[in-house]
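Trainee: Mind looking over this structure? Questions follow.
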Amino acid sequence: MGFDYDLFIIGAGPGGIAAARRAAEYGARVAISERDRVGGTCVVHGCIPEKLMVYAASFSHVFEDADEYGWGKVHRRVNWDRFMAAKDRAIEHLSQLHIQHLQEAGVELIYGNTKFLDASTLDIEGRKVTADKILIAVGGEAVKPNVPGIEYAITSRQMFELKQQPEHIAIIGSDQIAVKCAGSMNGLISKVTLVIPEDRILPGRDETLRTTVQESMTKNGIQIFCNTKVKKIERVRDSLRLSLSGDDRDTITVDTVLCVMGRVPNLSGLDLEKAGVAVNRGAIAVDEYSYTNKANIYAVGDCTNRPHWTPVAIASGRAFADTVFGKQPRTVSFECIPSAVSSQPEAATVGLTEVEAREKFGEAVCCYSQRFQPLFDSIAEPEQKTLIKLVVERNTDRVLGAHMVGEYAAEIIQCLGLAIRTGATKKDFDATIGIHPSAAEEFFTLR
Ligand SMILES: Cc1cc2nc3c(=O)[nH]c(=O)nc-3n(C[C@H](O)[C@H](O)[C@H](O)COP(=O)(O)OP(=O)(O)OC[C@H]3O[C@@H](n4cnc5c(N)ncnc54)[C@H](O)[C@@H]3O)c2cc1C
Ligand SMILES: NC(=O)c1ccc[n+]([C@@H]2O[C@H](COP(=O)([O-])OP(=O)(O)OC[C@H]3O[C@@H](n4cnc5c(N)ncnc54)[C@H](O)[C@@H]3O)[C@@H](O)[C@H]2O)c1
């Protein structure tokens with residue numbers, strides 16, 4: 001049977017685009033469909049708008065310190081409309097670049113919601129296409145809890161499209177998106193209340209890192225209600241009233257509620273059952289080569305149960321194309337993935353936390369850490385401490401994890417990720433000459 005395409009990809013996010021371009025390089029006839037905008041969650045609704053908002057917010061911290069550095073006082077209020085318009089232009093530019101790259105690779109782009117008719121046939125809003133192989137790269141979407149009035153709450157997607165800057169925003173959630181948005185809105189001078197069910201933010205991260213970030217957030221003026229859940233949200237004239245159960249208050253009144261309590265794969269409406277594709281705990285079940293249970297159907301990115309990060313989706317998309325079209329079967333290692341939270345200050349981590357290391361290696365684990373005032377604060381008002389921490393296995397001297405809170409943490413930890421993945425020992429760290437003056441040099445002098 002002749003197929004319309006060798007490969008059809010559903011979803012033009014990082015995973016789908018990476019796979020499309022790589023498969024086309026091998027000479028495959030490739031098409032990709034998208035129901036929203038090219039670039040996916042990462043470019044349009046996630047990483048990029050979120051980071052641009054972090055950048056916008058970072059100015060207020062610099063402005064605060066500018067006076068001490070001799071610049072005099074600086075106007076401290078952002079023009080929300082101008083920032084949002086600039087952010088939209090940047091996103092449009094990136095989306096267009098992806099479209100251009102797809103065109104240059106010879107990939108056909110088809111707009112429209114796509115669903116399965118059978119294992120080789122798809123329907124794109126009434127257009128029927130067939131493909132020898134199909135890659136599902138549909139990503140995920142935010143979930144909201146079943147709480148009365150939750151329809152008044154926005155998700156991160158709407159957060160980056162708000163027409164007006166919130167005066168007072170309540171953020172429900174304790175993980176990275178919640179912490180980043182809290183830091184950004186605080187930097188942009190909105191009042192921020194974070195409502196978390198745990199005793200501290202960033203569950204699952206290194207304990208010292210969690211405490212250091214939370215202390216800084218509180219110092220920056222973010223109100224954090226720990227061990228607290230939202231029971232109900234009501235509209236009261238122009239405001240939203242949240243009824244809470246927990247340690248601090250019974251109610252708070254705000255103008256915006258942001259709900260960031262996790263994401264689930266975008267599988268509804270795909271009609272996966274018509275193709276016979278198996279789902280495991282809400283995600284498409286794949287093996288290490290991204291094969292589903294159906295021989296001609298594959299999946300990568302946030303619609304699988306792999307770590308939900310853009311570089312993971314991209315690496316999986318490329319490995320899939322190399323395996324299936326390049327005849328070079330290969331898998332992707334998800335061990336030791338560095339990650340960052342653009343809080344103020346930034347936090348980043350790679351490898352095992354102290355708790356994880358102790359679970360694995362028990363008494364053989366030793367930690368080296370230091371909290372210090374960054375040099376920048378020797379002139380500016382001392383505000384936030386920098387934290388650096390190494391988790392080491394005593395018997396082999398191997399560094400198992402590195403954690404940092406402080407300026408450029410993401411850039412520094414990214415590079416330490418390479419050292420840790422390739423088996424660097426504490427002695428290797430000690431033998432490395434640092435760059436002075438910098439925060440990173442402290443990783444090489446820990447005692
Ligand atoms: C607020 C936020 C911040 C984030 N920040 C970071 C970060 O800093 N660093 C990081 O690494 N990761 C970050 N992520 C995660 C990152 O965005 C995802 O891991 C990444 O986008 C996954 O890529 P993907 O290709 O699997 O899916 P997506 O990027 O979600 O793309 C899937 C695409 O498929 C389309 N689609 C879905 N269903 C259909 C259908 N039926 N028909 C046609 N098209 C369809 C969607 O419209 C979408 O464009 C963030 C996520 C969020 C929500
Ligand atoms: N923003 C980023 O930097 C970034 C980067 C990469 C990947 N991602 C991905 O985006 C996805 C979603 O992240 P996320 O931050 O939305 O959630 P998450 O899935 O990481 O965590 C959900 C959080 O919601 C909290 N929560 C659950 N019930 C709650 C309640 N009743 N009240 C308050 N909080 C409650 C949980 O404690 C948990 O911390 C993750 O898979 C993440 O890996 C985000």
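Placement of Cβ uses the backbone N, Cα and C atoms for every residue, glycine included.
Quick paste of what TrEMBL says about this protein:
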ACT_SITE  His436  active site, proton acceptor
BINDING   Lys51, Asp302  FAD binding site
BINDING   Gly262  NAD(+) binding site
DISULFID  Cys42-Cys47  disulfide bond
DOMAIN    5-317  domain 'FAD/NAD(P)-binding'
DOMAIN    337-444  domain 'Pyridine nucleotide-disulphide oxidoreductase dimerisation'
Trainee: Quick one: among the recorded positions Lys51, His436, which has the most Cβ atoms sitting within 10 Å of its own Cβ?
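Mentor: Within the set of recorded positions, the most crowded position is Lys51.
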Trainee: Give me the CA-CA distance between Gly262 (NAD(+) binding site) and His436 (active site, proton acceptor), in Å, as a whole number.
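Mentor: Cα of Gly262 (NAD(+) binding site) to Cα of His436 (active site, proton acceptor) measures 40 Å after rounding.
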Trainee: With helix taken as DSSP H, G or I, strand as E or B and everything else coil, how many residues of the domain 'Pyridine nucleotide-disulphide oxidoreductase dimerisation' (337-444) land in each class?
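Mentor: Taking the domain 'Pyridine nucleotide-disulphide oxidoreductase dimerisation' (337-444) as a whole: 39 helix, 33 strand, 36 coil.
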Trainee: Using all protein chains in view, find how many other C-beta atoms are within 10 Å of the C-beta of Gly262 (NAD(+) binding site).
Mentor: 14
Trainee: Which whole-number mean pLDDT does the model give the domain 'FAD/NAD(P)-binding' (5-317)?
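Mentor: Value for the domain 'FAD/NAD(P)-binding' (5-317), mean pLDDT as a whole number: 96.
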Trainee: Could you give the Cα-Cα distance between the residue listed as 'active site, proton acceptor' and Cys42 (disulfide bond), in whole Å?
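Mentor: Distance (Cα to Cα, whole Å): 35 Å.
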Trainee: Filtering Cys42, Cys47, Gly262, Asp302, His436 (recorded positions) by proximity to ligand 1: which pass a Cβ cutoff of under 6 Å to any of its atoms?
Mentor: Cys42, Cys47, Asp302
Trainee: What is the one among the disulfide-bonded residues Cys42, Cys47 whose Cβ has the most other Cβ atoms less than or equal to 10 Å away?
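Mentor: In terms of Cβ crowding, the pick is Cys42.
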Trainee: Count the Cβ atoms, other than its own, that fall within 10 Å of the Cβ of Asp302 (FAD binding site), considering every protein chain shown.
Mentor: 30
Trainee: Cα distance, Lys51 (FAD binding site) to Cys42 (disulfide bond), nearest Å?
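Mentor: Checking the Cα atoms of Cys42 (disulfide bond) and Lys51 (FAD binding site) gives a distance of 10 Å.
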